[in-house]
Every structure is written in structure tokens, then in C-alpha cells.
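Following: one structure in C-alpha cells, then a few remarks.
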């Protein structure tokens, strides 16, 4: 570890006079323990990085003395270019601040982000599609999104160039260009981060109210909080928990969130199975009054299934928390964690969809799905302990998921300061950023409490991030053999994903307009 490589550019090259006035940037100590060569778009062409002790002359390019262990993944490009520029920004941002993750952490984060309250509305899609097509659509969607997850894990790092794409938008920028990325991916990614947090506040606050009513019932003399106050309580708890500094530091939070998500999903479908089918249950698919309405209903149901699979926008960020080198690339432990996580996800989604439709059929509530059905149909004949435990698990899972979905936004907010000041955000500024975001989410949740009614529309908007863009990015970056099997597969899936996104958005808008949505601004 004491060996030192001198990396320079020979022969010496003259420096312009203007460059001499540029202040050097001293990389923080944590950067020298980061086993990655990352080139963030935050690093401008005018940034020059030197160790603080390096002395340079006016007419020779400064030589960077770096320990051998700094960036083993970048050694091929070092040998080719004889010059490595370190980006200090990644060592100061919450996603990449710590790179000591492992397969267990990856499984915790992936499971916490991959399963959530949106899975509880899967039986609603079955009321339109029926048994056969519902199971087929759910199975195909699961296999498809698992394949695109595999592509993202493989695209995270390049052994040819030494690059690590630590954020979904960075990979999009490398594949599509910055301008096209803003048009194609910016809004879906923003919604999947901030919009999911808004939904979590709404569902979490409602679950807090259910928990209070279940435990307290008619025995409490205290005045229960109002709905807005429950929103504020949940948001304040989420903001307090968000003060953990970086993505690796919330691994324990993600573990608790994953356990509670598995817990409430299992409790709901087991209780529904144990209680049996509702009297007069019907499995005849809902049919619209016209052929056009029926077709749009089917597409809207597909959008609900697509909405059940989330977390692709976080996979690269989770993988960025791992060390990586030529002999031990991060994709190996990451894929192990993903396989474990999605095995457990499948063990939740399929029983929820199948048992939920079997137990309630056409009676499944469209708003809230299985959770609403549990309290509506079995609130009187199920023990208060089970009902209270289910609500508590939903609350804890929502608080945990909030942290991982908010982390990309925290990263973006801090990057503005880091880019301008060339140093890490102080703790008080980081706390202010996170509190500001949390209470903005609270305001939006209070203003638009009916956001969960747009599940099909949101599924259509975010579908390319999950099912289409990874295929196109693989084609652009990996450049498989033209007309080869992988070429055909990725082109087919990418184009099909984009086409599905367009028709799902149109179908969801038609259904919303045709059936209407109970709009109640600032009236949760």
C-alpha cells in the first residue's frame, strides 16, 4: 500500500497564463479510499485537482502522485492516457460518499425500494383482465423488468474506460446525450423520486390514522389528530430519519423497511385467505359499455401492473455504494443482492394479486386495494392485534422507503452547493436541504391528496424508465452485433416498451376523464 505511482504527461507541456490563476482543488481524504474512477458531469473542464503538497512549475503540467490502490478500475485508461483526473464531488455527495456496501446492503435497499403499497392494488387490474390474462401479464412484466434490472447492473461500470455511472441520469446522459436525457428521463425520474415520497406521505398518514383508531378505538378520551396533523406527524418523522448522512448509512433502515413490507404483504394475503371468499363474489371481468371503453380499461389495468414494479431508477445509485476493481467488479455482489430481493418480491406480489382477487373478486376497492379491503370486510372479525400490526408495518415501511426514494433528490440539492463551493455541504445546510424537501412533499400531499388515484397514468409515464430505456442504453453503450440475438431482443423490448407507454398514458387519461376522479384540493 505504500507503493506510489507517478502519473504524468510527457514531455512537459506549456500551460497558458490564464490557467495559472485557477485555484487548485484539494481532494478530500475520503476520496482516496474510494475504489472508483468516476467522472461526474459536475466536474467542469476548468477544475484542476492536485494534492495540496504538490509543487508545480509554470511550464510543466503538474504530476499527480497517487497511491496504487486509489482506482484499480481506472488502471487501463491510466496506462493509455498517462493521466488520471479525480473527481472530488462524488466523495462529498450522499449517494457516493461511502463505498463500502456489499451484497447484503444491496438486497436490503433493493427490496425496500422494490416492494411497496402500490403492490396492494394489483387485484384491481385482475378485475379487468380476469384470471388468465391477469396472471400472464403479471408474469411477463416481472420477467421483463428483471431482465432490464440485469442490464442496468451490467451497465453501471465499464472496464474499457474505467467509468462508473453512479446515477440513472448519468447513464442516460452517456447513452442519449444531455439534451435528449432532459426530455426523455428527467420528468419520470423526478416523479419516481419526489412523487413516490408524496404518495408515501399520503398512505403513511392514512395508516397512522388507522393504527390510532384500531388501538385506541372508543376507549380513548383524547381528541384524535386531524388528517392534516397526521400528514405532519408522518412527514416530521421522515425528516428526522432523513438526517442520516448517506445511502450506505441507511442500510439498517432499509432492512427494517424490507422486513415490514414483507410483513404487511404477508399478513394481508394470509388473513384474506384464512377468512375465505366473500359471499356473492364474482370473477367476471368488468366490461365497459363500448368496445373503446373496454380496450382502454384493459390498457389501464396493464398500467397498474407496470406501476407495481418500481425501483429501477435507484439501482445504479445502490450499486454506486459498493467498492469495485478489475478483479472484483461491483456487478457481481449487486446481482446477487438483486436476485435475493426479487425472489422475495415475487413471493409477495403473486400471492397478493391471486389471493386478493380470489377473496374479493369484483368487490376489491379501487382506492387502497387490499389494505382497504382488509379493514372494510374483515375489520370486525379480525383481531385488533393483527389489524394494528398491519397498519404499523405499513407506517414503518413507508418511513423507510421515503429515505431511499428521497436520496437522489438530496444528492441533486447538495450537488448545487458542491459544484459552486468545491467542498462538502456542512451538516447544518444538509439538514436544511432535507427538511425543506420533506415539508415541500408535505405541502404537495395536502394539496393533492387524490394523487394515488392516478396509478395507471403514473405507471404509463414511468414505464420507459423500467422497461424501455435500459434496452436502448445497452444497445448504445455495449454495441452488440447488428442483427444478432441480443440486438433483436433489446430493440424489440425497447420499442414495445415505448409503444406501451404511449398507449397506457392515453388509456389512463381516457379512463380518468370518462369515470372522473374525486378532486379535493387541500382537503385530505
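The backbone N, Cα and C atoms fix where each Cβ goes, glycine too.
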According to TrEMBL, which of these ranges is transmembrane segment: 80-102, 103-125, 218-240?
103-125
Transmembrane segment per TrEMBL: which of the ranges 319-339, 340-360 is that?
340-360
If you check TrEMBL, which stretch out of 30-51, 52-73, 250-271 is marked transmembrane segment?
250-271
Per TrEMBL record, range annotated transmembrane segment [choices 278-299, 454-475]:
454-475
Quickly jot the same-chain residues contacting the transmembrane segment (454-475) by Cβ under 8 Å, restricted to those at least six beyond its ends, or write none.
118, 121, 144-145, 148-149, 151-152, 154-155, 168, 171-172, 175-176, 184-185, 187-189, 191-192, 195, 300-310, 312-313, 486-487, 489-491, 493-498, 500-505, 507-509, 511-512, 517
Might you confirm whether the transmembrane segment (340-360) is in contact with the transmembrane segment (131-153), defined here as three or more C-beta pairs under 8 A between residues 6 or more apart in sequence?
yes
Which residues, given as numbers and ranges, are at least 6 beyond the ends of the transmembrane segment (385-406) yet have a Cβ under 8 Å from it?
109, 112-113, 116-117, 192-194, 196-197, 200-201, 203-204, 207-208, 210-211, 214-215, 234, 237-238, 241-242, 244, 247, 250, 253-254, 256-258, 260-261, 263-264, 267-268, 271, 314, 371, 374-375, 379, 434, 437-438, 441
Recorded stretch, among 103-125, 183-205, 250-271, 340-360, maximising Cβ pairs under 8 Å relative to the transmembrane segment (427-448):
183-205
State, in range form, which of 103-125, 183-205, 340-360 has the highest count of Cβ pairs under 8 Å to the transmembrane segment (250-271).
103-125
Within the same chain, where does the transmembrane segment (183-205) have neighbours whose Cβ lies under 8 angstroms from its own Cβ atoms, ignoring anything closer than 6 residues to its ends? I mean 6 or more beyond.
116-118, 168-169, 172, 176, 227, 230-231, 233-235, 238, 310, 313, 394-395, 398-399, 401-402, 405-406, 408-409, 437, 441-442, 444-445, 448-449, 451-452, 458, 461-462, 464-465, 469, 524
